[in-house]
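Annotated features, as they stand in TrEMBL:
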- H135: active site (ACT_SITE)
- D139, G140, N141, G142, R143, T144, A145, R146, Y171, Y172: ATP binding site (BINDING)
- 57-193: domain 'Fido' (DOMAIN)
- E8: site 'Important for autoinhibition of adenylyltransferase activity' (SITE)
Amino acid sequence: TYNSNAIEGNTLTLRETKVVLEGITIGGKSVKEHLEALNHKEAILFLEDLVNGNTELLEWNIKNLHALILKGIDNQNAGKYRQENVVISGATQKPVDYVQVPEKMEKLILEYDEWQQFHPLIRAALLHGEFVFIHPFVDGNGRTARLLMNFEAMKSGYLPIIIRAEERTRYYDALDKAMANHDYTDFVKLIVEEENKILDQYLTLVG
């Protein structure tokens, strides 16, 4: 929760995020930042339910994840595809025209079904990258994309992939390269490295 929100500019520290998740309000922080932390926790719980229920990826699951992320922040757009064109700050590629979003999302699900021949972490990278390229929502696309990435990883038995806030620049550069050139090499490498770090931490804890 902390890292995913920090990547998007949330100023809550790791400790403050933990406190907020325990139900305590942090002075000097906006209501939006509090809601972003609480909503992300709810979205993770929903994601875990999808994984544990062996639920297939469908558009309604994606919309429900997004609705949880923007709950109380932007209820008008929560869980709804955008009705306007947007730009991705710092990216070389423009997302698809809003008129194309429903068609592109439907196509994404069909393509996802064809990716089953690939390694789970490659599928996770593709799902994340192709989703961000479409940018189906007005806001909250990055957090939704990282949740979808973990949906794919976790349902294949992998630990949740955490893109750390300090890897923000590398993460965005690799993602931009994937969208601009359809070259996922750097992005997959980043995901594999982060998965290995989480696995090492887990083995140290249980070890």
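Here the Cβ of each residue, glycine as well, is placed from N, Cα and C on the backbone.
Caution: TrEMBL annotation is automatic and unverified by curators.
On the backbone, the CA of Y171 (ATP binding site) and the CA of H135 (active site) stand 17 Å apart. Spacing of N141 (ATP binding site) relative to the residue listed as 'active site' is 6 Å (Cα to Cα, whole number). Across the fold, the C-alpha of A145 (ATP binding site) and the C-alpha of E8 (site 'Important for autoinhibition of adenylyltransferase activity') stand 12 Å from each other.
Within 10 Å of the C-beta of N141 (ATP binding site) we count 22 further C-beta atoms, all protein chains included.
Distance between Cα atoms for R143 (ATP binding site) and E8 (site 'Important for autoinhibition of adenylyltransferase activity'): 8 Å, as a whole number. Residue counts for the domain 'Fido' (57-193) by DSSP state, with H, G and I taken as helix and E and B as strand, are 87 helix, 0 strand, 50 coil.
Once the Cα atoms of D139, G140, N141, G142, R143, T144, A145, R146, Y171, Y172, the listed binders of ATP, are compared pairwise, the greatest separation found is 18 Å.
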